[in-house]
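K.L.:
I'd like to ask you about the structure that follows.
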Amino acid sequence: MDRFVIKKGTAKTSESLKVVSQEANSNRNRCSPRKRGLSGEGGTSKCRKTSGTTNTKVDLNLKWRNLRGESFNCDYAVLYSPSAARTLLKACEEELIYNTGDLAKVQIFGQFHNIPRKQVAFGDPGLSYRFSGVEVPARPWTPLMEGIRDRVQEATGHKFNFVLVNRYKDGNDHMGEHRDDEKDLVREAPIASLSLGQKRDFIFKHCDARGKSAKRAMDPVKLELEHGSLLMMNYPTNRYWYHSLPVRKKALGVRINMTFRSMVTSK
Ligand SMILES: O=C(O)CCC(=O)C(=O)O
């Protein structure tokens with residue numbers, strides 16, 4: 001497997017997680033060819049048709065790999081070629097302005113700490129995301145973020161009304177173990193995670209297999225998220241598996257990650 005690296009662990013259960021299918025060019029609801037947009041690969045769809053949390057899926061000629069295990073269901077594909085991803089990363093570096101002050105903190109055991117990375121969110125009017133004791137409001141979609149969102153929607157057939165952007169300046173910046181299971185998220189909707197820049201390890205741990213008081217021996221699932229890749233975390237992965245982006249001292253480059261989400265709206 002050249003693009004989807006699963007690092008093996010040692011627990012006896014490791015063989016229970018495997019890539020069970022490789023889907024090439026599998027697309028329902030195919031649309032007619034459309035104008036190429038940002039970076040030659042994004043842009044606004046001419047056939048965008050949405051309802052609820054589903055979106056028309058477009059044939060982008062992607063090779064999806066599905067990884068399945070106990071309560072674990074993820075899909076992975078390279079969404080942007082290296083050069084298109086480089087162009088996007090550059091545009092993000094030029095345009096994105098990250099949150100500061102209280103919006104750049106999290107609350108852990110009642111204490112506020114600066115997050116070890118930079119963060120900003122975009123989304124539909126009025127949306128905000130509450131997690132780790134903070135509330136991050138969505139800024140209005142910009143043409144750059146809309147172009148990326150539309151491509152993610154077309155590639156996945158899902159509609160997303162919010163994106164959390166995290167910027168890791170190098171391998172010292174990181175994200176701790178957590179689940180994205182907040183009530184504000186539509187319960188069974190997937191989360192689409194786009195990675196640009198420095199390749200980093202991404203680690204899943206089952207909730208029963210964490211820490212010293214773990215109830216079971218289960219290997220973590222370790223993925224390498226590559227420049228331009230899209231990881232779909234499908235239901236119920238986020239109910240049972242924690243994920244993290246650990247420190248990697250040898251990772252020198254900038255990485256930007258965007259997690260596209262479906263937030264509950266009052267309508
Ligand atoms: O940067 C990453 O890949 C992790 C992002 C993440 O876990 C999150 O936004 O919840």
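Every residue, even glycine, has its Cβ placed from backbone N, Cα and C.
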K.L.:
Just to be sure I read the record right: Tyr129, Arg130, Phe131 are listed as binding substrate in TrEMBL. Which of Asp102, Asp170, Asp173, Asp181 is listed for the same site?
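P.N.:
Among Asp102, Asp170, Asp173, Asp181, only Asp181 appears alongside Tyr129, Arg130, Phe131 as substrate-binding in TrEMBL.
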K.L.:
On a simple 10 Å Cβ count over all chains shown, which one of the binding-site residues Tyr129, Phe131, Tyr168 is most densely packed?
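P.N.:
Of the binding-site residues Tyr129, Phe131, Tyr168, the most buried by Cβ count within 10 Å is Tyr168.
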K.L.:
Take the domain 'Fe2OG dioxygenase' (159-264) and average the pLDDT across it for me.
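P.N.:
Mean per-residue confidence for the domain 'Fe2OG dioxygenase' (159-264): 96 out of 100.
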K.L.:
Using Cβ-Cβ distances, find the residues under 8 Å from Arg255 (2-oxoglutarate binding site) that belong to the same chain and are at least 6 apart in sequence, listing them in sequence order.
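P.N.:
Sequence-distant Cβ neighbours: Arg167, Tyr168, Ser195, Leu196, Gly197, Gln198, Lys199, Arg200.
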K.L.:
By Cβ count within 10 Å, point out the most packed of the binding-site residues listed: Arg130, Arg261.
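P.N.:
For the binding-site residues Arg130, Arg261, the Cβ with the most other Cβ atoms within 10 Å is Arg261.
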K.L.:
Under 8 Å Cβ to Cβ from Asn166 (2-oxoglutarate binding site), same chain, six or more residues apart: give me those in sequence order, or none if nothing qualifies.
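P.N.:
For Asn166 (2-oxoglutarate binding site), the qualifying residues are Arg117, Lys118, Gln119, Met175, Ile256, Asn257, Met258, Thr259.
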